[in-house]
Amino acid sequence: MIEQKPAARSFRKNRKKLRNRERLADHEFTSQAFDKLDKRIYLLTAIAFAVGLVELIIGGILDLVAADLGVSEGRAGLLITAFALVFGISGPVLLFLFGRFDRKRVTLAALVVFVVGNVIAVLSPTYVLLLLSRVISAASGGLLTVMSLTMAARISAPELRGRAIGLVVMGISGSIVLGLPVGVSMGHAFGWRSPFVLVIVLALLLMWAVAARFGTMTAEPPAPLGRQVAALGNSRVLSAHLTTSFFLAGHYTLYGYLTPFVITTMGFGGALITAVYFVFGAAAVTGGGLSGALSDRFGARRTLLTATALFALCLVAIPHTTSVPIAFWVVLALWGVLSWAITPPIQSHLVQLAPRTADIQQSLNNSMLHLGIALGSFVGSTVIDRFGVMYNARVGALFVLLALGAALVSFRHPRTVTAKP
């Protein structure tokens, strides 16, 4: 026994050293990981932020636009619908058409068109011209967003790919926090056209930065259209896209009607409703970056499945928290974090799953995201009219469970999709 004590002490000492090394590795992972990223990714994040700002700003000034242009608020709302539809369709189509050209030149050209679209918005004397400006901004914005996601994946090291995509997603989700507040405050202070002036200035600065910081980025020859379509015939690729669509459908079944939900169930007024959206948006900003880091750390499969399961639980739980305010705010924040948590792992998964058609798959996934938003908003409107807002969360949770099932199918067989020559 006496002879074993030094050995035991040595074992405990070595185990303590090992734990210290693990803590040091974890610290380096959290504090230095983003320092290793290509700095151009932050520029791509800013581009995604600008596009998201244009998409969301109009929602806070619909009443001002309708009054100035002499249309109903319902018709003014079509400005949002048109943007979402064109945005979702334009990404993969324009990427296929222009994906063979130098990425720097394509990005600069898209930024020019984006500026033109917003200039038309500022100068629009009629509703029709403003609608045209939204179509132009959405088409160029869809291409810019897809280019930002694919370029972030391409210029980052494989072990940092999830983080890079997560940062771009943070740019999009960050516009959620600022989009409506900026639109409302500037619109009421200086007129509804003023937010678009801000976007124009930001886009011009981004054009200068892209020209200065990006070198020539030769694109790989795009895969033939038949090969790209064939990749969708693979159940794993298709299931990955369905995961995104069902997830966002579940999200927007309730999120699209969050205001009537908190008014009906909690009696919230203006200030508290603003607080709800601010807390949700602030939490959503962290979700993309956090899940990107977790995807790199623990793998896309574990991150995606965990986030999706927790998201379903949030939707099931939130109607039951309305009588306990503290619980409501906690679940609301967790819901916000998870709302953008699947994008980095699903995008990384698609890059690994179909590397020869990765760009178009990432673009299609972004389109499926917007189709999911449209589906969730439509289903949510039907539910709230026929059954009441309390059922929106339950129906949303069912969509998320479908997303979880699709994700399990997509990760079922670890086999890369290879294209036939």
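Cβ coordinates are placed from backbone N, Cα and C, and glycine is handled just like the others.
According to TrEMBL, the protein carries these features:
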type: DOMAIN; residues: 40-417; note: domain 'Major facilitator superfamily (MFS) profile'
type: TRANSMEM; residues: 41-66; note: transmembrane segment
type: TRANSMEM; residues: 78-99; note: transmembrane segment
type: TRANSMEM; residues: 106-129; note: transmembrane segment
type: TRANSMEM; residues: 135-153; note: transmembrane segment
type: TRANSMEM; residues: 165-184; note: transmembrane segment
type: TRANSMEM; residues: 196-216; note: transmembrane segment
type: TRANSMEM; residues: 237-258; note: transmembrane segment
type: TRANSMEM; residues: 270-291; note: transmembrane segment
type: TRANSMEM; residues: 303-320; note: transmembrane segment
type: TRANSMEM; residues: 326-343; note: transmembrane segment
type: TRANSMEM; residues: 364-384; note: transmembrane segment
type: TRANSMEM; residues: 390-411; note: transmembrane segment
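Tertiary proximity for the transmembrane segment (106-129) is limited to same-chain residues at least six positions away from its ends with a CB under 8 Å from its CB atoms, namely 47, 50-51, 54, 69-71, 75-76, 98-99, 135-137, 139-141, 143-144, 147, 151, 193, 196-197, 199-200, 203-204, 206-207, 210-211, 214.
Cβ atoms under 8 Å from those of the transmembrane segment (196-216) belong to residues 39-40, 43, 46-47, 50, 53-54, 57, 102-104, 107-108, 111-112, 114-115, 118-119, 121-122, 182, 186 of the same chain, restricted to positions at least 6 beyond its ends.
Counted over residue pairs 6 or more apart, the CB atoms of the transmembrane segment (326-343) and the transmembrane segment (135-153) come under 8 Å in fewer than three pairs, which marks the two as apart.
Counted over residue pairs separated by six or more positions, the transmembrane segment (237-258) shares fewer than 3 Cβ pairs under 8 angstroms with the transmembrane segment (41-66), which leaves the two as not touching. The stretches the transmembrane segment (390-411) and the transmembrane segment (41-66) are not in mutual contact, being linked by fewer than three Cβ pairs under 8 Å (pairs 6 or more apart in sequence). When each of 41-66, 135-153, 303-320 is scored by its Cβ pairs under 8 Å to the transmembrane segment (364-384), the top-ranked stretch turns out to be 135-153. The average pLDDT computed for the domain 'Major facilitator superfamily (MFS) profile' (40-417) is 84.
Sequence-remote contacts of a segment are chain residues at least 6 beyond its ends whose Cβ falls under 8 Å from one of its Cβ atoms, and for the transmembrane segment (135-153) they are 40-41, 44-45, 47-48, 51, 54-55, 82-92, 94-95, 98, 103, 106-107, 110-111, 113-114, 116-118, 120-121, 161, 164-165, 167-168, 171-172, 217, 347-348, 351, 358-359, 362-363, 366.
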